[in-house]
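Below is one structure, written out as structure tokens, with a few remarks after it.
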Amino acid sequence: MGFVKVVKNKAYFKRYQVRFRRRREGKTDYYARKRLVIQDKNKYNTPKYRMIVRVTNRDIICQIAYARIEGDMIVCAAYAHELPKYGVKVGLTNYAAAYCTGLLLARRLLNRFGMDKIYEGQVEVNGGEYNVESIDGQPGAFTCYLDAGLARTTTGNKVFGALKGAVDGGLSIPHSTKRFPGYDSESKEFNAEVHRKHIMGQNVADYMRYLMEEDEDAYKKQFSQYIKNNVTPDMMEEMYKKAHAAIRENPVYEKKPKREVKKKRWNRPKMSLAQKKDRVAQKKASFLRAQERAAES
């Protein structure tokens, strides 16, 4: 069949149906969302949980959510901008920070449901394959599915760093090692040590050392915040180890104190009857004084 030009006549415009708003804005992949949201019909009121990961220019957002007609309900959330509290003050959007954010989300969620002592996850980080399995006689492992949004799911993407952090934190998320750093597509083999290096920020540390030797100015420009916070390449692994331990120790979100806002009034308030009478009396007195002065002169 040859090329057929779309005739945009009256019938075309009369029958035209716009796409969903979030599709028009390029924010939601509804093909993927349909498959992530629709639950098995024999599970009735059981929600299907998603682990949502979004990477922005300055932050990494991780959420556990489920869909309702009114909109998505957020069960738990963790953000990379919370990491300075746990000792990671720089590089809040790299792979290591994504892992920490995923770990924080998992520990926070399990703590909220009282399952943090039952499902400890992978305490010793080795970068290898790990899957959470339900324990007999205990509540089942919390299962959810990765929602990567419109991110390109290539090998080594930060989205999978957050996934690995959540799995090591004790959540059951179906996954394979094919998208983790260290997987070789040609030999079909996964090198866990390479993955561990990324989790511990050693790829960043190696680049820091390289720039130090090759181009001092580029190093100062690229890693200005690291220099400001006295973070050296040799300190990186220890910094992330301490952060992982601190997250496991206290993952609870601390609410910020509510800021008291003093209301300002820009227009004049209405005068009461007593104030109006007093104002009239003052004007009368002022007028009489002016009359007296005029008579005297």
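Glycine is no exception: its Cβ is also placed from the backbone N, Cα and C atoms.
The secondary structure of Gly2 (N-acetylglycine), as reduced to three states from DSSP, is coil rather than helix or strand. Per Swiss-Prot, the feature N-acetylglycine maps to Gly2; the stated evidence is similarity to another entry.
The annotation N6-acetyllysine is assigned in Swiss-Prot to Lys5 (among others). Here Lys5 (N6-acetyllysine) comes close to no residue that lies at least six apart in sequence on the same chain with a C-beta under 8 angstroms from its C-beta.
Of all the Cβ atoms in the protein chains shown, 16 others lie within 10 Å of the Cβ of Lys48 (N6-acetyllysine). DSSP classifies Lys48 (N6-acetyllysine) as coil under the three-state reduction. Taken from Swiss-Prot, the feature N6-acetyllysine applies to Lys48 (among others), supported by similarity to another entry.
For Ser185 (phosphoserine), the Cβ neighbour count at a 10 Å cut-off comes to 8, with all displayed protein chains included. The phosphoserine annotation in Swiss-Prot covers Ser185 (among others) and is backed by similarity to another entry.
Of all the Cβ atoms in the protein chains shown, 13 others lie within 10 Å of the Cβ of Lys220 (N6-acetyllysine). Following the DSSP three-state reduction, the secondary structure of Lys220 (N6-acetyllysine) is helix. The N6-acetyllysine annotation in Swiss-Prot covers Lys220 (among others) and rests on a large-scale study or a structure entry.
Per Swiss-Prot, SUMO1 cross-link is recorded for Lys220.
Look at Swiss-Prot and you will find Lys220 tagged as SUMO2 cross-link.
Note: Thr232 (phosphothreonine) has non-local neighbours Met208, Tyr226, i.e. same-chain residues 6+ apart with C-beta under 8 A of its own C-beta. According to DSSP, Thr232 (phosphothreonine) sits in a coil region rather than a helix or strand. The phosphothreonine annotation in Swiss-Prot covers Thr232.
Positions annotated as region 'Disordered' by Swiss-Prot: 253-297.
What Swiss-Prot records for 258-268 is compositional bias 'Basic residues'.
Taking the Cβ of Ser272 (phosphoserine) as reference, no residue of its chain lies under 8 Å away while being at least six apart in sequence. Among the features that Swiss-Prot reports, phosphoserine is placed at Ser272 (among others).
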Among Gly2, Ser185, Lys220, which are recorded as modified residues, the nearest neighbour of Lys48 (N6-acetyllysine) by Cα: Ser185
Separation of alpha carbons, Ser185 (phosphoserine) and Gly2 (N-acetylglycine) (Å): 39
Inter-residue C-alpha distance, Ser185 (phosphoserine) and Lys220 (N6-acetyllysine) (nearest angstrom): 36
